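Novice: Here it is, the structure in full.
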Amino acid sequence: MPDKGNIQLDTLQHQDHSQETASRYGGGSQLPEQERLDTNIQDDPVEYPGLIRVILITLGVALCSFCVGLDNTILATAIPKITSEFNSLEDMSWYVSAYLLVTSAFILSFGKIYTYYSVKWTYLVSLGLFELGSLICATTPSSAGLIVGRAISGMGSAGIFPGSVIILSNIAPLHQRPLLTAFIGIMSGIATVTGPILGGVFTDRLSWRWCFYINLPIGGVTAVVVFFFLKTTKVKKNVPTSHKIKGLDWIGTVVFIPAIVSLLLALQWGGARYNWQNVRIIMLFIIAGVLGIVWLLIQCWKQEEATIPPRLMQRRSIVGTCVYTIPFVGCVIVFGYYLPIWFQSVKGVSASQSGIMNLPTVVGTIVVGLLSSVIIMKVGYMVPFLVLGSVLLAVGAGLCSTFQRSSGSAEWIGYQAMIGMGSGLGYQLPLLVVQADVPAADVPVATAVVIFMQNLAGSIFSAIAQTVFQNQLAKSVQILVPSVNPKSILDGGTVGLSDRFPSDVLPSILQAYNTAVTHTFYAGVAAASLSVFGAFIVRWNVT
């Protein structure tokens with residue numbers, strides 16, 4: 001039987017947030033103006049829609065999450081054709097960076113916007129921006145237009161995924177959300193894995209522009225469902241607009257955007273366009289660090305009007321999920337990118353075949369994600385599943401790091417499945433943890449924090465993995481095939497190795513690739529192992 005201090009899933013959503021906030025000010029009934037503003041979101045009794053509406057809304061936002069997931073990876077196989085059509089090889093990195101930078105820069109701001117304004121209309125505006133960006137990308141006659149379109153889509157993406165999670169919190173009680181959240185996460189995960197495959201199919205069979213056209217009808221379905229079936233959240237009309245605008249923390253946002261852009265540019269350019277000792281990379285890190293410190297000071301100064309109120313970061317569950325999310329998602333990102341590289345380079349299969357060989361990860365994520373959601377709905381406790389997710393992910397990552405050129409299907413299927421099971425357990429659960437631990441009025445900001453950490457993890461660990469891979473590949477080639485210039489291998493890409501190298505050196509080249517990829521997997525092993533410490537920071541009785 002749960003302890004008396006436990007937070008019960010079926011009653012948490014109905015807690016009186018006003019009593020909690022009042023207690024912080026001496027137990028009186030008069031709360032500061034900004035605190036009263038925060039409580040406007042959920043101060044009315046919660047009325048959840050019927051089953052049919054819940055299913056339709058969940059399917060609608062899941063479809064949109066699928067599109068957002070696709071946009072993260074679908075260009076991986078389309079970029080060569082795009083750069084060839086526009087003669088824009090120098091712009092190649094911006095096709096990905098423009099989307100990622102804008103998304104990461106505005107996610108936290110959308111957390112505050114969802115706090116003060118209608119969830120329904122904020123989500124629809126975000127979806128409109130995403131669709132507009134996709135339309136521009138699909139029809140643009142120039143490389144510059146594609147970059148602009150990607151940036152606009154990134155702005156919309158910043159509001160879509162946190163909005164999807166917040167919508168779920170408005171249509172279902174907490175004890176029913178694990179299954180819905182898992183479904184959203186699974187759709188996004190499937191899109192991320194299948195993105196390169198679809199990008200290749202569209203590029204080869206139709207046109208790379210269909211990588212963006214596909215978003216338009218799917219987004220249209222989501223817009224119709226949300227418009228007609230999601231009720232508009234109530235916001236008190238007596239709250240002055242000036243208070244809402246002030247609460248969006250414009251000063252913090254102006255400082256935060258260049259800070260995160262500088263950090264992400266340093267991570268993306270370091271080791272790729274410039275070496276890590278280059279003055280440009282060093283200056284970007286310095287700018288990011290200085291502005292980051294200034295932003296933290298602004299958060300302490302603004303308090304309740306900050307982008308992230310400091311009191312939220314004093315909660316163990318918020319800190320724990322952040323510590324958990326960065327390395328956990330980092331590990332998933334490493335294997336999401338480098339397992340296909342291992343299949344295509346070492347095993348010599350095509351991009352579409354590597355996608356099929358990646359199915360054990362996808363199936364493991366789907367099956368365990370859904371099963372664990374049902375179990376959590378029954379037992380209530382979340383932390384044990386966070387721990388188990390870290391353990392399974394670390395073990396699967398460790399086993400994958402033993403891959404050899406001769407490794408058979410039993411090995412890469414079984415080891416991948418374990419990674420998928422770990423991912424299914426731990427990838428989306430931090431979102432439920434923060435929803436269970438924070439007052440209802442703080443759910444939008446807390447959700448945005450976790451999703452921002454997921455994006456940040458992708459940037460950090462993709463940079464780490466790229467550096468490890470390139471350095472180890474160059475080192476292995478110098479040792480195994482000293483007659484071959486390592487730069488020629490790095491510049492030539494990871495596919496078609498058997499066509500580029502003679503048979504007498506090909507086995508050594510393949511061994512060098514195997515060594516480079518498995519050493520990159522070590523970064524994933526370390527990350528998954530570190531994530532378990534974040535799970536232990538979370539209060540055990542968060543249910």
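Placed from the backbone N, Cα and C atoms, the Cβ positions cover glycine too.
According to Swiss-Prot:
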type	residues	note
REGION	1-34	region 'Disordered'
TRANSMEM	50-70	transmembrane segment
TRANSMEM	94-114	transmembrane segment
TRANSMEM	128-148	transmembrane segment
TRANSMEM	151-171	transmembrane segment
TRANSMEM	182-202	transmembrane segment
TRANSMEM	210-230	transmembrane segment
TRANSMEM	281-301	transmembrane segment
TRANSMEM	323-343	transmembrane segment
TRANSMEM	356-376	transmembrane segment
TRANSMEM	379-399	transmembrane segment
TRANSMEM	445-465	transmembrane segment
TRANSMEM	517-537	transmembrane segment
Novice: Pairs of Cβ atoms less than 8 Å apart decide it: which stretch in 94-114, 182-202, 281-301 has the most with the transmembrane segment (210-230)?
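Specialist: Against the transmembrane segment (210-230), the leading stretch is 182-202.
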Novice: If you count Cβ pairs under 8 Å, which stretch among 50-70, 151-171, 281-301, 379-399, 445-465 touches the transmembrane segment (94-114) the most?
Specialist: 151-171
Novice: Between the transmembrane segment (151-171) and the transmembrane segment (323-343), are there three or more C-beta pairs closer than 8 Å, counting only pairs 6 or more apart along the chain?
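Specialist: Between the transmembrane segment (151-171) and the transmembrane segment (323-343), contact is absent.
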Novice: Is the transmembrane segment (379-399) packed against any residues at least 6 beyond its ends, judged by a Cβ distance under 8 Å, and which are they?
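Specialist: Beyond its ends, the transmembrane segment (379-399) has Cβ neighbours at 2, 6, 8-9, 175, 324, 328, 331-332, 334-335, 372, 411, 414-427, 429-430, 432-433, 436, 521, 524-525, 528-529, 531-532, 534-536, 538-540, 542-543.
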Novice: Would you call the transmembrane segment (182-202) and the transmembrane segment (517-537) in contact, using three or more Cβ pairs under 8 Å, pairs 6 or more apart in sequence?
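Specialist: They do not touch: fewer than three Cβ pairs between the two stretches lie under 8 Å.
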